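What follows is a set of notes on a single structure, which appears directly below.
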Amino acid sequence: MSPNFKLQCHFILIFLTALRGESRYLELREAADYDPFLLFSANLKRELAGEQPYRRALRCLDMLSLQGQFTFTADRPQLHCAAFFISEPEEFITIHYDQVSIDCQGGDFLKVFDGWILKGEKFPSSQDHPLPSAERYIDFCESGLSRRSIRSSQNVAMIFFRVHEPGNGFTLTIKTDPNLFPCNVISQTPNGKFTLVVPHQHRNCSFSIIYPVVIKISDLTLGHVNGLQLKKSSAGCEGIGDFVELLGGTGLDPSKMTPLADLCYPFHGPAQMKVGCDNTVVRMVSSGKHVNRVTFEYRQLEPYELENPNGNSIGEFCLSGL
């Protein structure tokens, strides 16, 4: 795992503690003997493959990218806790309640959120998610064990929880399932290649890269009917139901990011752009009438590239946020 991604993820944990005014709980001694980002290690994933299910304690603030069983036990009142889960792009995440011992009447709660939310910004955005915002929250204190298993709609999910009484807590099992047509994705890595396919579905799909990157779109297929390409319009993307847009910003929510470029028509051959933003998103809007596909590669920008932007580069409005 790259140091920069490690830092980006650590910012999520720091933001959470800053928002709740309890950063004193991030003690140096804990940081010295515990590294939550070890779970992103490819070597560790290979070592665990085919072995016994991975088990460990869950912290009040945590981030996980492995399947396994995780137990939270309060050692003092823990009032503002969250755990972020992320899997491979082509996977759903299932959160299963093995055991829950919390006092809902006393103010405890345990909620699953379908996606990630930070500082009021959601991924996927409300515009891109198949469920209304209210239905993306599943409250254990309302549903109980009637919903023991909850599956995400994409490769990220999270839980919020509050436990007052020391000794109380819960145990979860995290599993993943294949997603044949991943729609909304947060990339685990600063470099990669991905093909986003939307087959005859009226939906919007966003691929989020939480780093400044250079992105190269190599293939775009839009608006085909029986193998015949639709005629181009002279009005740009206005009124076109199928297109791809490139977005940049400093938060999680694609709907609050700045549009950088629109791609309205099919093409083959590289189109490259540098984006010096904390978050870069490739977003496909589909009418449901066609099979749309976009293939792109991305890599994290080097520090010298951020300091000296040139060529086909967009990022001046983002650089102050880096």
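Cβ atoms here come from the backbone N, Cα and C positions, even for glycine.
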* **Disulfide-bonded cysteine for CYS104 as listed in Swiss-Prot, from CYS81, CYS141** => CYS141
* Disulfide-bonded cysteine for CYS264 as listed in Swiss-Prot, from CYS237, CYS318 -> CYS237
* Swiss-Prot annotation: CYS60 disulfide-bonded to which of CYS9, CYS81? -> CYS81
* Asked: Going by Swiss-Prot, which one of CYS205, CYS277 is joined to CYS183 by a disulfide bond?
  -> CYS205
* To do: List, in sequence order, those disulfide-bonded residues among CYS104, CYS237, CYS264, CYS277 whose Cα sits within 10 Å of the Cα of ASN204 (N-linked glycosylation site).
  => none
* Euclidean distance between Cα atoms of CYS104 (disulfide bond) and CYS237 (disulfide bond), Å -> 50
* Based on Cα distances to CYS264 (disulfide bond), point out the closest of the disulfide-bonded residues CYS81, CYS104, CYS183, CYS277. => CYS183
* Asked: Got a sec? Which of these disulfide-bonded residues, CYS60, CYS104, CYS141, has the most Cβ atoms within 10 Å?
  -> CYS60
* Which residue, of the disulfide-bonded residues CYS183, CYS264, has its CB surrounded by the fewest other CB atoms within 10 A? -> CYS264
